[in-house]
Ligand SMILES: CC(=O)N[C@H]1[C@@H](OP(=O)(O)OP(=O)(O)OC[C@H]2O[C@@H](n3ccc(=O)[nH]c3=O)[C@H](O)[C@@H]2O)O[C@H](CO)[C@@H](O)[C@@H]1O[C@H](C)C(=O)N[C@@H](C)C(=O)N[C@H](CCC(=O)O)C(=O)O
Ligand SMILES: Nc1ncnc2c1ncn2[C@@H]1O[C@H](COP(=O)(O)OP(=O)(O)OP(=O)(O)O)[C@@H](O)[C@H]1O
Ligand SMILES: N[C@H](CCC[C@H](N)C(=O)O)C(=O)O
Ligand SMILES: [Mg+2]
């Protein structure tokens, strides 16, 4: 693509002469380390470093043009804009030829449940022989090919490239987790969502957003940006969540509500929860069917309702939805049972917020007929306000609480544990900083019919200490500990 074509209509200070305007752009990058000959480089002033400082290095690696927020002394065209991130989203969309216009795009936002809802949807669509793409916390997946990712919702430049790959692979439906950070940082600018789903809002990421109002505002952007351009957009809300009504006011898209408590378009009633799965009556716009799923817990009924609403809007019939839900096995690291034939239950779950921890512990309490032991920690360099709350929730529901490390990152793990236990009496918990030791300890204590919940890391396969990630998988450690017990 010619530089002039790519920059067409973009406002900014530009030093392009005729020759420069015809430069061919073969790649676009925001990281100087990725620059190859023929690249347009975006200078992003980040949280850690300023990308403008890498302009010279980008030039030396073959960059042929630069988009920046200030004039730069490099011998290639520099196009100066007010906000490079915004321009990058717009140009990425253009460079990859507006890929999201060529597929159905479903975005899911909310504090908890995004990964779960996108995975339930993936199963429902795949059951209809649809070709899906998925972008989220665990990976990006294009049909059946997995791509590693760093962020739940990648930067616009990566996002649009992935969507283009999806279009090339004939993906017809893309399912995407949309984090509040991504909305706030404009990573999804230019994404043509057809359906936007809201799961719930509860305290998290206050370190980043500063207040719940700002956090909600970030989430609301997914809905305020939906439906203003043309018809055929649907916004789906958990009507039982207290901010649903506010979010509904923010969109001009068609609305669907789901829930259990308040009257909604899509509802679950007569819910029968068991340790092996959940059955309930599903009512969609007045039509009812019985559904059965292996997913456990009331929170997962909400996730199913969110997915059902989007599937229904996408013309999947209720009977197909019913069949699809029955065949879902489970989601990695989400209430994942570790079964080595032991006479107690071991569950690995990704609960890392107060609300999710409470939900998961309430769920096991419903089934428990002996003691509940929980192994849990809080991430370093993340929201500190949730630490004492999660500490209190753990001891409230569990008979034995073992606080341990969960990605301490650059913080001292002992300080994180002190903050988690600040409001507790010393005899209410045990501290075992080493996560592997903590899991082994819990296993050793377990008696017949106990339930052990290992919370916070779910599918993660690393422990991040300092800036280093070393291999660590709760599921592997749990299995090893069970083996040791049997010996
Ligand atoms: C706070 C935040 O969002 N940070 C994101 C941000 O990093 P940053 O601002 O520190 O970037 P930086 O290192 O300062 O670099 C600035 C620029 O210089 C460039 N650079 C840098 C070095 C170099 O040698 N050459 C070079 O060109 C970089 O490519 C970049 O363009 O830009 C990076 C590239 O897109 C992101 O990966 C990174 O996410 C970090 C890893 C992160 O932890 N983000 C979290 C807070 C986040 O976004 N989380 C949400 C999920 C939350 C949830 O699950 O609810 C998410 O969507 O992932
Ligand atoms: N609808 C829900 N309401 C409350 N808690 C939930 C819900 N769904 C899942 N959870 C809990 O939250 C944990 C994380 O679920 P999931 O990974 O689906 O959320 P997420 O929104 O993708 O999280 P992240 O922001 O980290 O990507 C689960 O392991 C479970 O404990
Ligand atoms: N997306 C979340 C995941 C948290 C998972 C937990 N294991 C942690 O490291 O805090 C975050 O990056 O804040
Ligand atoms: Mg997720």
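Here the Cβ of each residue, glycine as well, is placed from N, Cα and C on the backbone.
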Would you mind telling me which of 398-401, 402-405, 406-409 TrEMBL tags as motif 'Meso-diaminopimelate recognition motif'?
406-409
So TrEMBL lists 406, 407, 408, 409, 456, 460 for meso-2,6-diaminopimelate; which of 382, 430, 479, 485 goes with them?
382
Neighbour count (Cβ, 10 Å) for residue 406 (meso-2,6-diaminopimelate binding site):
25
Tertiary contacts of the motif 'Meso-diaminopimelate recognition motif' (406-409) (same chain, 6+ residues out, Cβ under 8 Å):
352, 376-382, 416, 435, 456-457, 460, 462-467
For the domain 'Mur ligase C-terminal' (333-458), what are the DSSP-based totals of helix, strand and coil residues?
48 helix, 25 strand, 53 coil
For the domain 'Mur ligase N-terminal catalytic' (25-75), what are the DSSP-based totals of helix, strand and coil residues?
13 helix, 15 strand, 23 coil
Overall pLDDT for the motif 'Meso-diaminopimelate recognition motif' (406-409), taken as the rounded mean:
98
Nonlocal residues around residue 116 (ATP binding site), in sequence order (Cβ under 8 Å, 6 or more apart):
295, 300, 303, 331, 334
To see if you understand the setup: which same-chain residues, six or more apart in sequence, place their Cβ under 8 Å from that of residue 113 (ATP binding site)?
199, 200, 299, 302, 303, 306
